[in-house]
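As structure tokens, the structure follows; a few thoughts come after it.
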Amino acid sequence: MAANLSGVLIENTRECVKQSKILVVGAGGIGCELLKNLVLTGFNDITVIDLDTIDVSNLNRQFLFRKEHVGKSKAKVAMESTLKFNPNVKIQAFHDSIMSTEYGLNFFKQFSAVMNALDNRAARNHVNRMCLSADVPLIESGTAGYLGQVQVIKKGLTECYECQPKPTQKTFPGCTIRNTPSEPVHCVVWAKHLFNQLFGEDDPDQDVSPDTEDPELAGDAGKSAMEKEASETAVGGIERKSTRTWATGTAYNPHKLFNKFFKDDIKYLLSMENLWKKRRPPTPLEYSDLPKDTKSETGMRDQRVWSIQECSDVFSTCLSKLRDQVHQQGDGVLVWDKDDEIAMDFVTSTANIRAYIFGIALKSRFDIKSTAGNIIPAIATTNAIIAALIVMEGIKVLHGDFDKCKQIYLNRQANPRKKLLVPCALDKPNPKCYVCSSKPEVTVVLNTEKFTVKQLEDKVLKVGLGMVAPDVEIDDGKGTILISSEEGETEENAEKHLSNFKITSGTILKCDDFLQNYNLNVIIAHKDKLEEEKEFVIVGDLSELKATAETPNGVNGGQEENKQEEEDDDLMVVEDPVEEPVVEQRKRKADDTDIEENKAKRMKLTSIPEESEDDVVIL
């Protein structure tokens, strides 16, 4: 090990390495490389935590794992494999979520430094806040294809992970997904919603039936269509029962389900004539009368585009297999996973059938998997480079040489100075950051007469502001408790509107997350109607709101996050993972159908700042 070899590290560095205690969060692509590097450098006390299990798709680059490890804990197998490099190292592994209440402030305080190897924003925000509260240095990292980044975060000295706003995830109006898809991604989102409606948890926001409240339906067009359809048949989903209840009643009969989703519902959409005045109308399909095959059967199954007949056959097969899985679980719920072959086949087949109906280009299974997981290919060498940089910056941190630490970017191509690695000076903390400033506060713009307490907790505090277990008190001089993290204490408030508690513009909500040791004042700004039909907007402060009144720069209220701390799989999940493009239950804005291209794990990867003046890259 490097720390035990004379002349490799200077004496005081050797001692820092040997005596330090390191927490590694994530044991996937970056995490495997990082654990190996730490042990070979001479670190003797390492803790690793990861919630994920090993998938066969991980084996091509997460080199600590082998075929016999598939299905086992990443953290524990990574520990066992790393110990083979040096059996004398102390490594502790947790197969758990870093956001669990078991890993509180005292847990973080025991470490000399924390090294993130995560791929989702929710967990990163949480670790960032825990490190700030514990005053423990954090080395943040991320990769996306050939791009990579390493950043040192130290309380009071540097920007924290949340000092700068992150790009929001692309959202689509619900009526676009349900009524008028125009891009392949719209069909993929619809297909994933269909999977959840049939086999997963019932979520009203993921309804796949035609939307009769589409703003383009002038007058009573939608209502008339509904009444007409209801009088003709109940198969079209008009009876007020859930999609899953109806499908179960048919024993998941592929003929009936196919005709319901791809014929009856489409005919119903055609009855909404206003939708098709300027659009190509969809073409209903009949299960027993599908178009003849026009696609080649040659080539790899994942790479070629399936014919409609093949999609129908796969749809039927998947229905049977997924139905059996539900029954085996005692009529439980299934969770869609891009690495579950049957679930992925179901989404591929249904997305392509819907695309054909609406005259949209069909895609291969590989392409649909990339869209469904919002993913880009992972590059093993990128992970290796970034993991090495993490350790090199970590050594500076252990020395206390924060003035020598850099924020380092790995570019896809060399810059004009022939560099792939670009080191930049660390930025100072943002004085208006609602996480690390001395008096954290943020303004939330919403309609207090329509926004409920439950929405405030789930969409604003937990999703928009990254809290885990928030408590909220109204600053009204009475200490009114609006939300309690103790189960059942304020349950009766959940469905009440904020206005019921006399919350209006200027009201201050004192928010506290005991797990993150985080306090935040939320200033409410009432607005009857927000731009682009957003539910709420988060802005830095009231002055920022006034300065950007016409185009507020905030967080979209429809955003969701993937809360599973999985590392990169067959393809690497780009941060904001949450796993799919989010569908807002809002009404359509003209031409609001573009999909945002995949982002790198960290916002700044898309905009590399000017490098430092050094000709030699100082790591």
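Using N, Cα and C of the backbone, Cβ positions are placed for all residues, glycine too.
TrEMBL does not curate its annotations; it predicts them automatically.
Sequence annotations record features per position, and here TrEMBL assigns active site, glycyl thioester intermediate to Cys175.
Per TrEMBL, ATP binding site is recorded for 26-31, Asp50, 58-61, Lys74, 97-98, 119-124.
Using a 10 Å radius centred on the Cβ of Cys163 (Zn(2+) binding site) and all shown protein chains, the other Cβ atoms total 20. As annotated by TrEMBL, Zn(2+) binding site applies to Cys160, Cys163, Cys433, Cys436.
Here TrEMBL flags 201-217 (among others) as compositional bias 'Acidic residues'.
The feature compositional bias 'Acidic residues' is assigned by TrEMBL to 563-582 (among others).
Summarising the annotation, TrEMBL assigns compositional bias 'Basic and acidic residues' to 583-595.
Annotated compositional bias 'Acidic residues' per TrEMBL: 610-619 (among others), in sequence order.
Taken from TrEMBL, the feature domain 'THIF-type NAD/FAD binding fold' applies to 10-433.
In the predicted model, the domain 'Ubiquitin/SUMO-activating enzyme ubiquitin-like' (444-531) shows an average pLDDT of 93. What TrEMBL records for 444-531 is domain 'Ubiquitin/SUMO-activating enzyme ubiquitin-like'.
The region 'Disordered' annotation in TrEMBL covers 201-237 (among others).
Taken from TrEMBL, the feature region 'Disordered' applies to 549-595 (among others).
Here TrEMBL flags 600-619 (among others) as region 'Disordered'.
Sorted by the number of other CB atoms within 10 A, the recorded positions Ala123, Cys160, Cys175, Cys433, Cys436 start with Cys433, the lowest. When DSSP labels each residue, the domain 'Ubiquitin/SUMO-activating enzyme ubiquitin-like' (444-531) comes out as 20 helix, 29 strand, 39 coil, counted as helix, strand and coil in that order. Of Cys160, Cys175, Cys433, Cys436, all annotated as recorded positions, the residue with the shortest Cα distance to Asn120 (ATP binding site) is Cys160. Taking the mean position of the Cβ atoms of Cys160, Cys163, Cys433, Cys436 as the Zn(2+) site, the remaining residues of that chain whose Cβ falls within 8 Å of it are Leu132, Glu159, Tyr161, Glu162, Pro429, Asn430, Val435, Ser437. Listed binding-site residues: Gly26, Gly29; maximum Cβ neighbour count within 10 Å falls on Gly26. Calculated from their C-alpha atoms, the gap between Cys433 (Zn(2+) binding site) and Gly26 (ATP binding site) amounts to 26 Å.
Distance from the CA of Cys175 (active site, glycyl thioester intermediate) to the CA of Gly29 (ATP binding site) is 38 Å.
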